[in-house]
Amino acid sequence: MAAIIELENISKHYSPTIIGVDNVSLTVEDGEFVTLLGPSGCGKSTLLRMIGGFETPTHGTIRLADKDVTWDPPYKREVNMVFQDYALFPHMTVGENVGYGLKVKGLGRLEIETKVHDALKLVGLFDKVKLRPQQLSGGQRQRIALARAIVREPKVLLLDEPLSALDAKLREQMQIEMKHLHEKVGITFVMVTHDQTEALVMSDRVVVMEKGRIAQQGRPQELYDHPASPYVANFIGTTNFLPGRVIRCTGERAEIEIGGGRLSAIVDAPLVAGSTVTAGCRPEKVRLLAEGETAENVLEGRVAEVIYYGLGLRLAVELADGSRVYTDSLLPDRLALSPVPPLGQSLRLAVEPHNVFVFEGEVTP
Amino acid sequence: MAQSPNRAPGLVSRYGADTAFMTFVAALMAFLYIPIWVLIAFSFNDSRSLTWPLSGFTLDWYVKLASNGDLLAAIRNSFYVATGATILTLCVGVPAALALHKVNFPGKTVFRRLILLPITLPGIVTGISMLNMFKLIGFPLSLETVILGHATALLGVVVTQVYARLQRLPKSLEEAAFDLGASPWRSFVDITLPNIRTAIVGAGMLSFVLSFDEIPVTFFLTGRDNTLPMYIYSTLRRGVTPEINAVGTIIVLLSLVLIVVSVVSTRDTKQK
Ligand SMILES: Nc1ncnc2c1ncn2[C@@H]1O[C@H](COP(=O)(O)OP(=O)(O)O)[C@@H](O)[C@H]1O
Ligand SMILES: [Mg+2]
């Protein structure tokens, strides 16, 4: 695979104090679906808009298909963008909207009609060709915006929070639909979102951003299972954070003393005995132990809260030192409801050592 | 059935409120329109005195009007001035609004307020100051100086209307046009212009109407030629003649045409 977008030490300083993007280097492969993920204000849109040509970086180089486009205006770049508010032209019909980019390109009327037809077919809205955007629903407008961008067959499609204006149900459906569209058209997608589920569901690679920098990037599963920092662990999925101290570390195995007990963990890099660390584990990797059952990392506590969320149960278990550990369990069928423990009951929890993350230092997420 | 005792008082009070509201609207409409109907009625009345009741129907005043050279010249002048002032103020005002919208420069807010000043200043001040200026540079007074004066005074109308519309236009529309390959000029013509067209048309019509019946600025800046309001004003010393009523009726008719034109020309960008 060849690189289609290369960002080299890109920075964008809006003013000496407002830094939108801070020294980011990123390569996107041809045909990839990459997502820029992060909370509001972390610089995702700024980065995307620099690829599109709507902002110019204060430092760094942007290459598209091996061509330096850092200073090219948007109309000279072979990328197209789906805007957060869709930006459909209100004075044009759906057909004219989708065909506008082709008309500007100077294609003939017949060719434009065929391509518009195909693009609208692709998003399943051909019957709306004569309507105005104002007459469509949010989801339909979103699809028109997609059709208008891909009809020009760009090298890269940029999407700025494309699904954020849709309601939850439609959003879930569009996530899958857009993933299929990506596979079908074979164009590189770069999407911005603050929704971690969306990022995990849709992309080949997720780039997590923090305050204008890249915090971590990788395949969705890598990020979920091996978050490089508490920030990432907290932003993608839910994590229990337990402050502690390293007792000893031999090879890849570390013993951590936490307020409510002891944990052993598998670590990538050796830790210094006595240093302050924070252990982390995902609620769904924490298991309830049956009576008499033994396991490696056992924590004891009392049920402080029971949260029912349809798919399963989340228990908040209070350890001896008052810290809380969340544990998720699925409810495979209705019978499983019967053993819901009452508040205050003593419980034993277990978590496998390879499911324990250890971050150096103290964390207040 | 069980509900009706509860509903009856609500219905009565709502009916009462509706009646009060309708009466108010009717009174308002009467206040606005009765004078105009009186004017139209008297323009067809066959007596010179403006007294009730009407004495009989005639078209004499319209015939008289058609042969009154001074009056016809005044009407022609008014159209010339209003058209000239509208075109000039649009030619300056629209680009000014675009510049204000597009370009950020220090003192932009001050500039925006300054451009608004002529419309908020009393016409007398604008009139006198422009008169001084034309005298100073030795420019002879004529209908053209009136046009310059009106265009200056009306600039604020055009700039505010067009600027307000531009501000409401999402920035992403223009960006989307760039994104689809349109150059800045092309995107202006294809995207921005159609979306501010109704504001330009509206501001143009308002300017035309305001210029058409403007007196203070015209008073100071005109040479020997008179515009219609000036002519009417000068004949008023001899009292309102039915001829003037006939002119008024024609203007009302033209205004109606203007309203229809504006409704038709601003309709198609809105949702059907
Ligand atoms: N046009 C602008 N002028 C000044 N500051 C801006 C501008 N656009 C964005 N910023 C700032 O840059 C930072 C990153 O913004 P943005 O890229 O929009 O974040 P995100 O899309 O991740 O929410 C924010 O602090 C924001 O306030
Ligand atoms: Mg954003």
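Cβ from N, Cα, C; glycine included.
Keep in mind it's a predicted model, so treat the numbers as computed, not measured.
The domain 'ABC transmembrane type-1' annotation in TrEMBL covers B:75-262.
Sequence annotations record features per position, and here TrEMBL assigns transmembrane segment to B:21-44 (among others).
What TrEMBL lists as transmembrane segment is B:79-101 (among others).
Outside the transmembrane segment (B:113-134) by six or more residues, the chain places 96, 100, 140-141, 145, 148-149, 152-157, 159-160, 214-221 with a CB less than 8 A from a CB of the stretch. The transmembrane segment feature in TrEMBL is assigned to B:113-134 (among others).
Sequence-distant contacts of the transmembrane segment (B:146-164) (same chain, six or more residues past either end, CB-CB distance under 8 Å): 81-82, 84-86, 88-90, 92-94, 96-98, 100-101, 112, 115-121, 123, 126-127, 130, 196, 199-200, 202-204, 206-207, 210-211, 214, 217-218, 220-222, 227. Taken from TrEMBL, the feature transmembrane segment covers B:146-164 (among others).
Per TrEMBL, transmembrane segment is recorded for B:199-221 (among others).
Taken from TrEMBL, the feature transmembrane segment covers B:244-264 (among others).
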Request  = Please check if the transmembrane segment (B:244-264) comes into contact with the transmembrane segment (B:21-44), where contact means 3 or more CB pairs closer than 8 Å and the residues in each pair are separated by 6 or more positions.
outcome  = yes
Request  = Go through the chain and flag residues at least 6 beyond the ends of the transmembrane segment (B:79-101) whose CB is under 8 A from any CB in it; none is fine as an answer.
outcome  = 108, 111-112, 115, 143-144, 146-148, 150-151, 154-155, 157-159, 162-163, 166-167, 200, 203-204, 207-209, 211-212, 218, 227
Message = Using Cβ atoms and a strict cutoff of less than 8 Å, what residues sit near the transmembrane segment (B:199-221) while being 6 or more residues removed from its termini?
response = 78-79, 81-83, 85-86, 89-90, 93-94, 122-124, 126-128, 130-131, 134, 141, 145-146, 148-150, 153-154, 157-158, 161-162, 164-165, 227-230, 233, 255, 258, 262, 265-266
